[in-house]
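A.B. asks: Would you mind keeping the following structure in view while I ask a few things?
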Amino acid sequence: MDSTFLASLVSGAAAGTSTDVVFFPIDTLKTRLQAKGGFFHNGGYRGIYRGLGSAVVASAPGASLFFVTYDSMKQQLRPVMGRWTASEQLAEVLTHMLSSSLGEMSACLVRVPAEVIKQRTQTHHTNSSLQTLRLILRDPTGEGVVRGLYRGWWTTIMREIPFTCIQFPLYEYLKKKWAAYAEIERVSAWQGAVCGSLAGGIAAAATTPLDVLKTRMMLHERRVPMLHLARTLFREEGARVFFRGIGPRTMWISAGGAIFLGVYEAVHSLF
C-alpha cells in the first residue's frame, strides 16, 4: 500500500474520531440552539451525548476519505495550477481550495447520513442513534430511505465547500509562514494545532448562516427547498436566526480544529 495513502488514511481516522468524541457536547448545544423551538424546547442541557453513536461510527471513514482525497489531489493539482498561473502563491491557494473541496464532497458521502441521524437524536426526535436509523428506514414520510438519509445534502455541500475554501488555504498559509519564520522545514504538531484553530474559527464564524440552514433542513419533517426555507426563517424569526449558535460553533470548531489538525500532523509525522 502506498505510504502517502496509508498516512492520510490513518491520520484522518485518528483526527476525526478524537475530535468528534471530545467536542460532541458542544455540537449538541449548537444544534439545539439552531433547531426550531429553541434551546430548552429541544432538550436544553439534558442528554448532551445523545447521537454520539452515529458520530463515532462516521468519524473515522469520513475524515479518512477527506484526507486521502485532499492529500492525493494536492500532489496532482499543484503542477497543473502552476502551469495555469505565474503566481506561485495563487497556484497554492487554488490547489488547496480545489483539493479540500473535493475532499469534503467525498467525506459527505459518509458524513451527511450520520449528521441526519445525529441531529435528530440530539433534538430528542428519538432516544438513540439506532432508533433514529430504524425510523428513517421505515420511511414514515414516504420520501424514500436514501432521500431521508441524505436530506440536506446540497445544503451541507454548500456549507462545507465555502468553509473548507477558507479553512485549508488559510491553514496551509499559516503553517508555511510559521515554518519560514522559525526557519524549519515543517511545523510541529502543536504548531499545526494552533494554525488549525485559527483557520477553523474564522471559517466557522463566516459560514454560520449556511450551518443554520443545513440544521433546519435536516430537522424538518419533510424536504423543503433551501431558498424557501431561508425566506421563511427570515420572515418568521428575523435575520438574527442565521447567526444562532455562532458562539458554540466557532468555539467548537476552533478548538476542534486544534485537535483535528494537531492529531493529523502528529500521526502523519510517524510515517
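If you go along the chain as it appears here, the first residue is 1 and each next one adds 1.
In case you wondered, yes, glycine gets a Cβ from its N, Cα and C as well.
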A.B. asks: Which stretch, out of 135-151, 152-168, is listed as transmembrane segment by Swiss-Prot?
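C.D. replies: It is 152-168 that Swiss-Prot annotates as transmembrane segment.
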A.B. asks: In the repeat 'Solcar 2' (91-177), how many residues does DSSP call helix, how many strand, and how many coil?
C.D. replies: 72 helix, 0 strand, 15 coil
A.B. asks: Counting only residues 6+ away from its ends, which parts of the chain sit with a Cβ under 8 Å from the transmembrane segment (51-71)?
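C.D. replies: Sequence-distant neighbours of the transmembrane segment (51-71): 4-5, 7-13, 15-17, 19-21, 24, 27-28, 99-100, 102-104, 106-111, 113-114, 117-122, 128-130, 132-133, 168, 260, 264.
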A.B. asks: Give the nonlocal contacts of the transmembrane segment (251-271) in its own chain as ranges (CB under 8 Å, at least six residues past its ends).
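C.D. replies: Here the qualifying positions are 3, 6-8, 10-12, 14-16, 18-19, 22-23, 26-27, 30, 63, 67, 167, 171, 186-190, 192-201, 203-204.
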